[in-house]
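Q: Just dropping this structure here.
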């Protein structure tokens, strides 16, 4: 009896007589006009498109209490800060010490007193460095200076070849080239002319006086909108005065003409960090123009 279905009356010869229109298959949509149904078919919902609202997972046990984990993370961060600070400090001291040691070996006619502990105490022995050893130390200084510059060249070349960059204006390119060249020439004067003429203690103190141009640019970049501007200006002026005094005091005290290269070298070296101390908010137009480079 399940196969018996009541059929609505329809004119013979029309689509209403077809058995396909009265199938009892539930997967077949009712699309006939006699039911006033839509012509759209029902699409099956895909498994990846099913809306899900899973319950919130309740954390229990060790995952519920994160205090131990947070404390461990804080300790690791403090350790990383201290470790990085010590590595940078130790590396900087070692690098400066090695440079001062190498520059002290290239002085012409350098004589070193020899310890006469196992020899005659009534005599004094002096060691004179040969010219070959002096040339070897000069090459060591050249290599020590060239390796970081070569690394910077490789980095710049990689950016030019493999990344997008904007071609600078001619004036900007010439200005940057001038400042970098001045810094390079100043470093050469300091390493091969100035430092060999003074001892290591004076050389270490002199390396603290290489930020004259950044100090001046930082002073000129102070705008009236800054908070505590007067205090900052006074600090800038004190820092500039301390640096100028540092590289002028030895030429004045020792009265040696070759030491007057010190202020020239220090000013030229300080030109290498100008871009970090210029501001577009400066009241001086020249400093604003440098900030746009």
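Placement of Cβ uses the backbone N, Cα and C atoms for every residue, glycine included.
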Q: Would you please say which range out of 78-102, 103-127 has the annotation transmembrane segment in TrEMBL?
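A: Result: 78-102 is the stretch TrEMBL calls transmembrane segment.
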Q: Checking feature assignment: region 'Disordered' per TrEMBL, candidates 1-30, 31-60. Which range matches?
A: 1-30
Q: So what's the mean pLDDT when you look at the domain 'Chitin synthase chs-1/2 N-terminal putative transporter' (73-286)?
A: 86
Q: With a Cβ cut-off under 8 Å, give me the same-chain residues at least six positions beyond the ends of the transmembrane segment (259-278) that come close to it.
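A: Cβ under 8 Å, 6 or more out: 179-180, 182-183, 185-187, 189-190, 193-194, 197-198, 206, 209-215, 217-218, 221, 243-244, 247-248, 250-251, 287-288, 290-291, 293.
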Q: For the transmembrane segment (201-221), could you work out the same-chain residues 6 or more beyond its ends whose Cβ comes under 8 Å from its Cβ atoms?
A: 96, 100, 103-104, 190, 194-195, 233, 236-237, 239-240, 242-244, 246-247, 250, 262, 266-267, 269-271, 273-274, 276-279, 281-282, 284, 287, 290-291
Q: Near the transmembrane segment (173-195), which same-chain residues lie under 8 Å Cβ to Cβ, leaving out any that are not at least 6 residues past its ends?
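A: Tertiary neighbours of the transmembrane segment (173-195) are 99-100, 103-104, 106, 138, 141, 145, 203, 206, 258-259, 261-262, 264-272, 274, 290, 293.
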